[in-house]
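Accompanying notes for the structure given below.
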């Protein structure tokens with residue numbers, strides 16, 4: 001492999017290193033300590049490109065400080081490429097904890113140690129599918145992937161800065177081969193499953209769930225004494241740890257999983273556990289120390305032990321399947337089998353994958369892996385054939401999705417504390433102070449809400465599309481459900497209304513009942529025996545008959561046990577604890593969804609005179625999986641009893657009842673040991689009852705209020721009508737006359753023909769007697785209404801009757817001429833005046849007074 005020509009250019013905003021506590025000197029020689037260049041305050045240079053500016057020597061760059069952006073020109077196989085790099089700030093969130101030990105055994109803790117951010121991520125210019133992972137902590141080490149067929153390692157020691165960079169193809173690396181027993185995986189999809197696990201910035205702007213949300217694994221790496229002796233300079237050990245963590249983060253990013261290094265512990269004086277070449281024994285010892293010593297003082301999601309000790313057999317690591325977030329089993333042991341960080345990082349990624357629920361890839365083409373042979377090597381393959389895996393297969397993607405939907409990984413949604421303040425840098429995919437968003441490089445930013453040049457929200461945008469509480473650049477309202485519950489032990493989460501991110505995942509606390517009383521919640525999962533069988537054997541699977549289960553697990557062999565001892569032998573269960581041992585199921589699929597059937601045993605048992613056919617299997621999960629599939633903690637094993645530590649124990653040991661008593665009967669305990677109050681009760685102790693403010697209650701109150709108003713209006717109208725009726729009875733016909741003038745209109749009756757007096761002609765107009773019910777209002781023109789307003793009112797009571805009957809007289813003089821002003825025309829559609837309805841049959845008996853009657857009232861002129 002020819003040596004590459006390297007230059008660095010385009011440096012921007014390099015931050016000066018912050019002072020850190022002195023690191024221990026573990027015995028490195030003076031020459032080794034002088035080999036690492038000192039860090040000095042860096043200087044800012046103007047933007048430069050290859051075509052317009054001369055290259056800057058790499059030695060000068062590394063000796064003057066590490067910039068936040070770096071562009072490296074590189075020749076690979078005769079082709080010139082430019083690496084565009086940004087510091088990976090998600091790798092070291094906040095200021096991690098460093099732990100080492102003095103000769104007298106005193107533990108030294110540097111909480112919030114200022115690690116210089118010397119690791120970069122990026123891509124090759126002009127190659128969208130490429131990626132680069134590189135650390136410049138001490139020299140140069142990294143990985144460049146142009147395509148699945150072309151991958152290269154970069155390496156340059158701290159004392160070799162004047163020499164050319166060494167570039168090697170992945171296929172040329174000679175790493176010690178390692179293998180796990182082949183897992184003839186039966187989960188072979190018949191058709192391509194949808195790719196739901198894309199990187200966050202490629203997601204559609206839809207409501208997201210646990211599958212598509214970005215998860216983060218808070219990782220602690222523990223270096224045993226043999227690893228410390230291999231790298232006696234503590235800074236060198238720290239740099240190597242950072243390089244391994246960077247590759248882990250790079251491997252898991254396509255699965256929407258980030259890896260953050262929150263702590264490093266170095267056993268600088270002696271090993272704190274008993275070391276063993278048997279990885280199962282070593283794992284058991286390490287997990288016990290993690291549970292009792294490490295976890296209480298340094299919270300994390302997974303701990304990985306790195307040792308130089310050679311393991312017996314071909315294995316280079318071991319972990320427990322589907323154990324992430326478990327305080328008892330979330331960890332692994334790994335052998336530092338190569339000077340290349342790529343091989344070590346790939347091995348740790350393999351064991352961490354087991355903790356996340358990933359099984360070994362099936363041989364053949366059932367689990368596609370990018371790249372042709374011999375480059376085809378995925379991380380979860382049982383055997384790497386001397387080539388480190390660089391990618392996860394589609395089978396690994398589907399397995400992670402299934403594990404998440406089954407309730408695994410509640411701790412992965414809690415992001416570490418905020419990072420230490422650093423200078424802002426637009427384009428590093430981290431929202432720095434002064435920025436509103438950051439979607440990365442211009443060619444990878446797909447966020448329509450974010451301006452990738454300024455890292456500010458675009459006009460009209462309220463948020464960046466980097467979380468489930470932002471849709472179409474608008475914040476979802478407070479109370480909008482952003483994460484659905486995955487099982488009985490999960491609680492829904494809701495947007496707060498002021499952030500695009502969904503709150504951390506909250507689950508029911510340990511000991512809360514679930515699955516209709518079949519189990520209780522443990523570590524955020526509902527440990528129903530039926531569901532465990534269906535997760536292993538598919539739909540329709542059920543627990544085996546009690547006699548078959550007890551017989552198998554009390555024998556203590558590969559077909560049934562309560563687990564393995566540190567020496568690797570199977571441990572039989574006590575009869576009381578049999579249900580807490582190995583999973584014993586019936587029905588379902590012929591082949592399991594996890595692992596493969598290595599052997600099968602059938603036996604006929606007799607119980608109460610009845611023969612029972614029992615069948616047991618020996619599942620092969622791979623040599624690097626420490627334990628068989630045992631019943632999960634929290635599985636019900638009797639009335640008031642659950643499995644704790646593979647023993648059937650009282651559920652009260654989990655403390656759920658004690659925690660629930662703080663909620664005063666109006667709530668349950670969540671995973672943070674806080675009360676999750678029932679609706680209508682206020683936290684934190686669920687003692688105060690809230691006012692009913694739900695939409696249903698509000699609607700009922702409004703309906704009752706409206707009904708009350710209607711009742712009052714009806715009562716008022718009835719009272720006024722009764723009062724009006726009584727007044728009319730007291731006043732007599734005047735009330736009736738006023739009703740004829742101003743009462744509401746009534747439907748007119750049939751027209752009646754008016755009677756004529758004998759010897760008279762038909763009168764043009766007759767005066768109607770006041771009707772017994774009001775007449776319809778007469779349409780009077782406005783102009784005439786104004787003239788009538790000046791005239792006198794009609795008499796208030798009728799004229800007295802005259803006993804003298806008026807007799808007809810001879811026809812008098814002719815009628816006077818009609819008025820000069822024409823009468824108003826009848827409204828269209830109004831019946832003739834003579835057809836107006838009258839009371840009774842319409843006949844009119846006229847009584848004439850003895851003296852001439854006064855002229856008709858002014859109002860009657862309307863009818864002349």
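Quick reminder: no glycine exception, Cβ is built from N, Cα and C everywhere.
As annotated by Swiss-Prot, signal peptide applies to 1-17. Feature annotation from Swiss-Prot assigns compositional bias 'Polar residues' to 34-49, 753-765. Per Swiss-Prot, the feature N-linked glycosylation site maps to 57, 239, 391, 394, 608, 613. Residues or ranges marked as motif 'Cysteine switch' by Swiss-Prot on the basis of similarity to another entry: 178-185. Taken from Swiss-Prot, the feature domain 'Peptidase M12B' applies to 215-416. What Swiss-Prot records for 351 is active site, and it gives sequence analysis as the kind of evidence. The domain 'EGF-like' annotation in Swiss-Prot covers 659-687 and is backed by sequence analysis. The compositional bias 'Pro residues' annotation in Swiss-Prot covers 768-780, 810-825. Swiss-Prot lists 826-850 with the feature compositional bias 'Low complexity'.
With all protein chains in the displayed structure included, the most crowded Cβ environment within 10 Å among the glycosylation sites 239, 608, 613 is that of 239.
Residue 391 (N-linked glycosylation site) sits 45 Å from residue 613 (N-linked glycosylation site), taking the CA atoms of both as reference points. Counting Cβ atoms from all protein chains shown, residue 351 (active site) has 25 others lying within 10 Å of its own Cβ.
Mapped onto three states, the DSSP output places residue 608 (N-linked glycosylation site) in coil. Of all the Cβ atoms in the protein chains shown, 19 others lie within 10 Å of the Cβ of residue 394 (N-linked glycosylation site). Cα to Cα, residue 613 (N-linked glycosylation site) and the residue listed as 'active site' are separated by 38 Å. DSSP gives residue 394 (N-linked glycosylation site) a helix state. Applying DSSP to the domain 'EGF-like' (659-687) sorts its residues as follows: 3 helix, 9 strand, 17 coil. The two recorded residues, the residue listed as 'active site' and residue 394 (N-linked glycosylation site), show a Cα separation of 18 Å. In three-state terms derived from DSSP, residue 239 (N-linked glycosylation site) belongs to a helical segment. Taking the C-alpha positions, the distance from residue 608 (N-linked glycosylation site) to residue 239 (N-linked glycosylation site) comes to 67 Å.
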